[in-house]
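*Asks:* Here it is, the structure in full.
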Amino acid sequence: MKIIADENMPNAKVLFSHLGDVELVNGRTLTHEQVREADVLLVRSVTKVTKELLEGSSVRFVGSATIGVDHIDLDYLSKANIGFSSAPGCNAEAVADYVFSALSHLYLTKKINWLSKKIGVIGYGNVGKTVYTRFANMGCQVHVYDPIREKEGGSANFVSLDEILSCDVISLHAPLTHTGSYPTKGMIGRKELAKLSAGVTIISAGRGGVIDESALFDRHKQLNGNLHLVLDVWDGEPAINQKLIAIVDIATPHIAGYSKQGREKGTWMVYQALCQYLALDANVISKHDAISAGWLSFVNVSAEEPQEEMLARSMHAIYDVSRDDIRLRFKYRENKEKNVFDWLRKHYVERDEFNTCIIGVSSSDASNLMSAAGFSVDNK
């Protein structure tokens, strides 16, 4: 069996080699000729899996090590009787870590005390729910907008989009959709951005295109720069809006979900799905062996510290988002070509998830807060 896999899928050869011959390829530039004789195609979000790519090939199964599927023509796969699986939720913890690392950065650089602010989350899928739950468990006043999930029921504090736009912190985790009752393409446009007050923080870590970037730039200017922006996703990736880079607080190349464990989980989930599709034993390689432990095992914190200080120090010990911002700005100063975006993703410096680290705390309040933030806790 011939397996074509994106070169940026960690452990792809380790996991899939016992199933067949694995060839690693550049997912962005993948062609029909490369997949023509393949039986299995394993991709990430940079590969558009279409009829044009697959028609006339021998591909019988497509796996995407991602939570989103907007890059997959699901209708064609169904009509062509091609099996498919993605990895929903694989990087939810990683994206939540990104959000809180960014908020910690804003606290340390601008003294934004986000714990006491009104929080709005857009999108209540696997990632949005994880982010929402962390905020809620930390005692924050948190709301969520997702009309589709709201109709399905649930205990989250669902509100209107206008209510979200009145929040102090807005974290976007919606998929990119162009059709249906609630398309998200350009959902946060000029009209919506005009409702934002000065001092609002926007974190965009879902899909590029949900925010109208031109309107965002203009609103930032109208508010005299008093709009705090953290952008991980961009409209037109891998091209990136240079004007926006210049004004945002944090700019990163679609790596919010790029924790070592999150990416490994994505590969692992697709491996499990392929084994099930082939009616093979999926436990030849254990999950324990497939997903790494963290490198930093223990951090001590003092309950005497302000809560935001304690959180920021712990979070940045594991993952400081500003390092990714600095790398992006440096590489774009060197070379403004669009391949910089993919180069940064391919050569990403690995990071661990908060849950791989044990936090040593001396009080029950601090223990509860750090546990709610996603850490493992050791009560001293």
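Using the three backbone atoms N, Cα and C, a Cβ is placed for every residue, glycine included.
Sharing the features that Swiss-Prot gives for it:
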{"type": "BINDING", "residues": "Ser45, Thr66, Tyr258", "note": "substrate binding site"}
{"type": "BINDING", "residues": "Asp146, Asp232, Gly257", "note": "NAD(+) binding site"}
{"type": "ACT_SITE", "residues": "Arg207", "note": "active site"}
{"type": "ACT_SITE", "residues": "Glu237", "note": "active site"}
{"type": "ACT_SITE", "residues": "His254", "note": "active site, proton donor"}
*Asks:* Specify all same-chain residues, apart from the site residues Ser45, Thr66, Tyr258, whose Cβ lies within 8 angstroms of the center of the Cβ atoms of the substrate site, ordered by sequence.
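*Replies:* Going along the sequence, the neighbours appear as Arg44, Val46, Ala65, Ile67, Gly68, Asn91, His254, Gly257, Arg263, Gly266.
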*Asks:* Report the nearest neighbour of Thr66 (substrate binding site) in space among the recorded positions Asp146, Arg207, Asp232, Glu237, comparing Cα positions.
*Replies:* Arg207
*Asks:* For Asp146, Asp232, Glu237, listed as recorded positions, tell me which one has the smallest number of other Cβ atoms within 10 Å.
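*Replies:* Relative to the other recorded positions in Asp146, Asp232, Glu237, Glu237 has the fewest Cβ atoms within 10 Å.
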*Asks:* In Å, how long is the longest CA to CA span across Asp146, Asp232, Gly257, which the record gives as the NAD(+) binders?
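*Replies:* 21 Å is the greatest Cα spacing among the residues binding NAD(+).
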*Asks:* Return the count of C-beta atoms lying within 10 angstroms of the C-beta of Thr66 (substrate binding site), excluding that atom itself.
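*Replies:* Here the count is 23.
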*Asks:* Taking the Cβ of Ser45 (substrate binding site) as reference, which residues of that chain separated by at least 6 in sequence fall under 8 Å from it?
*Replies:* Ser64, Thr66, Gly68, Asp70, His71, His254
*Asks:* For Gly257 (NAD(+) binding site), just count the other CB atoms lying within 10 A of its CB, please.
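*Replies:* Other Cβ atoms found within 10 Å: 25.
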*Asks:* By a simple count, how many Cβ atoms lie within 10 Å of the Cβ of His254 (active site, proton donor), its own Cβ left out?
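*Replies:* By my count, 22.
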*Asks:* Nearest to Glu237 (active site) in three-dimensional space, by Cα, is which of the recorded positions Asp146, Arg207, Gly257, Tyr258?
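*Replies:* If we rank Asp146, Arg207, Gly257, Tyr258 by Cα distance to Glu237 (active site), first place goes to Arg207.
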*Asks:* What's the longest C-alpha separation between any two of Ser45, Thr66, Tyr258, the listed substrate-binding residues, in angstrom?
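*Replies:* Among the residues the record ties to substrate, max Cα distance equals 12 Å.
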*Asks:* If I take the alpha carbons of Gly257 (NAD(+) binding site) and Arg207 (active site), what is the distance between them in whole Å?
*Replies:* 12
*Asks:* Cα-Cα separation of Tyr258 (substrate binding site) and Asp232 (NAD(+) binding site), in Å?
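*Replies:* Cα-Cα, rounded: 11 Å.
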*Asks:* For Arg207 (active site), what residues in its own chain, 6 or more apart in sequence, show a Cβ-Cβ distance under 8 Å?
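*Replies:* Same-chain residues close to Arg207 (active site) (Cβ under 8 Å, separated by 6 or more) are Gly68, Asp70, Ala174, Pro175, Leu176, Thr184, Val233.
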